[in-house]
Amino acid sequence: MKKDYIKIIDKIANWMNQTLTEAKSNGFVYGVSGGIDSALICAIASKFFKDRSLAVRLDIFNSVNDTKDANLVISHFKVNSVDKNLEQVFNTFIKDLPDNKLALMNLKSRLRMVCLYYYAQTYNYLVCGTSNADELYTGYFTKFGDSGSDFIPLANLTKTDVRECSKILGVPSQIINKDPSAGLFENQKDEDDLKVSYLEIDNFLENNPISESSKNRILDLHKISEHKRNMPKTILKLGEIIK
């Protein structure tokens with residue numbers, strides 16, 4: 001069945017507005033990375049929340065292309081925005097820490113989250129996450145990093161859905177067609193990390209047939225990332241402990 005993406009976009013915008021109203025929030029803040037997911041949020045912000053949103057471009061040794069693409073998205077949609085360079089903060093933070101590539105990559109995402117929440121609290125805004133359904137199901141996000149948000153409008157959109165909505169809202173084609181990347185290191189590509197394509201994840205989430213090996217890979221990613229999607233595990237109630 002063909003999806004009505006115009007209706008989907010309207011439903012998302014209405015849900016976002018309801019979320020802000022319930023929280024008695026003045027608006028929302030979101031990071032713009034140069035990727036398609038944050039570009040779609042930027043497009044929605046421009047169309048429905050022009051004066052109640054703030055795009056933040058957060059630089060921590062970003063690639064030249066990601067910086068250009070983030071600036072393109074912000075200028076294209078003419079949204080309220082600020083730039084914040086966190087490279088000095090990052091360098092100071094890691095100065096006396098042991099070297100660990102994965103921890104350093106995730107630190108970038110966590111520093112960005114901290115900065116977004118600073119702006120959010122300053123303006124009585126909520127932090128808008130940009131993760132899509134594929135990323136959330138497979139755990140392809142940084143715990144307390146890009147997952148650190150108050151609401152996630154794209155949570156039930158597959159990567160294909162994100163692309164189709166982006167086309168409708170006029171996201172530049174170079175953003176839609178670029179290889180998905182978290183941008184945490186040079187030449188990084190999401191599908192290389194996931195070891196499965198977004199199309200296969202999309203089909204899995206839509207209950208369409210995929211290869212058994214891809215299905216097992218997706219299920220394994222979901223299983224090992226379960227802790228990322230839940231609140232911190234708590235101990236039993238005292239009454240149950242001392243039985």
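Yeah, the Cβs are placed from backbone N, Cα and C, and that goes for glycine too.
Some features that Swiss-Prot has for this protein:
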{"type": "BINDING", "residues": "Gly31, Val32, Ser33, Gly34, Gly35, Ile36, Asp37, Ser38, Thr130, Lys159, Ser181", "note": "ATP binding site"}
{"type": "BINDING", "residues": "Asp37, Glu135", "note": "Mg(2+) binding site"}
{"type": "BINDING", "residues": "Arg110, Lys143, Asp150, His227, Lys228", "note": "deamido-NAD(+) binding site"}
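Feature map: Swiss-Prot annotations on the structure.
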residue : record                      : DSSP (3 states)
Gly31   : ATP binding site            : strand
Asp37   : ATP binding site            : helix
Arg110  : deamido-NAD(+) binding site : helix
Glu135  : Mg(2+) binding site         : helix
Lys143  : deamido-NAD(+) binding site : coil
Asp150  : deamido-NAD(+) binding site : coil
Ser181  : ATP binding site            : coil
His227  : deamido-NAD(+) binding site : helix
Glu135 (Mg(2+) binding site), number of other Cβ atoms within 10 Å: 26
Same chain, 6+ residues apart, C-beta under 8 Å of the C-beta of Lys228 (deamido-NAD(+) binding site), given in sequence order: Gly139, Phe141, Lys143, Ser147
Between Asp37 (ATP binding site) and Glu135 (Mg(2+) binding site): CA-CA distance (Å): 11
For Asp150 (deamido-NAD(+) binding site), the one of Ser33, Gly35, Asp37, Thr130, Ser181 that lies nearest, given that the binding-site residues are compared by Cα: Thr130
Listed in sequence order, residues with CB under 8 A of Thr130 (ATP binding site) and six or more positions away: Tyr30, Gly31, Ser33, Gly35, Asp37, Ser38, Leu40, Ile41, Asp146, Ile152, Leu154
Spatial separation of Arg110 (deamido-NAD(+) binding site) from Ser181 (ATP binding site) - C-alpha basis, Å: 17
For the binding-site residues Gly31, Gly35, the one whose C-beta sees the most other C-beta atoms within 10 angstroms: Gly31
Residues near His227 (deamido-NAD(+) binding site) in space but at least six apart in sequence (CB under 8 A): Lys143, Lys233
Sparsest Cβ surroundings (other CB atoms within 10 Å) among the binding-site residues Asp37, Asp150: Asp150
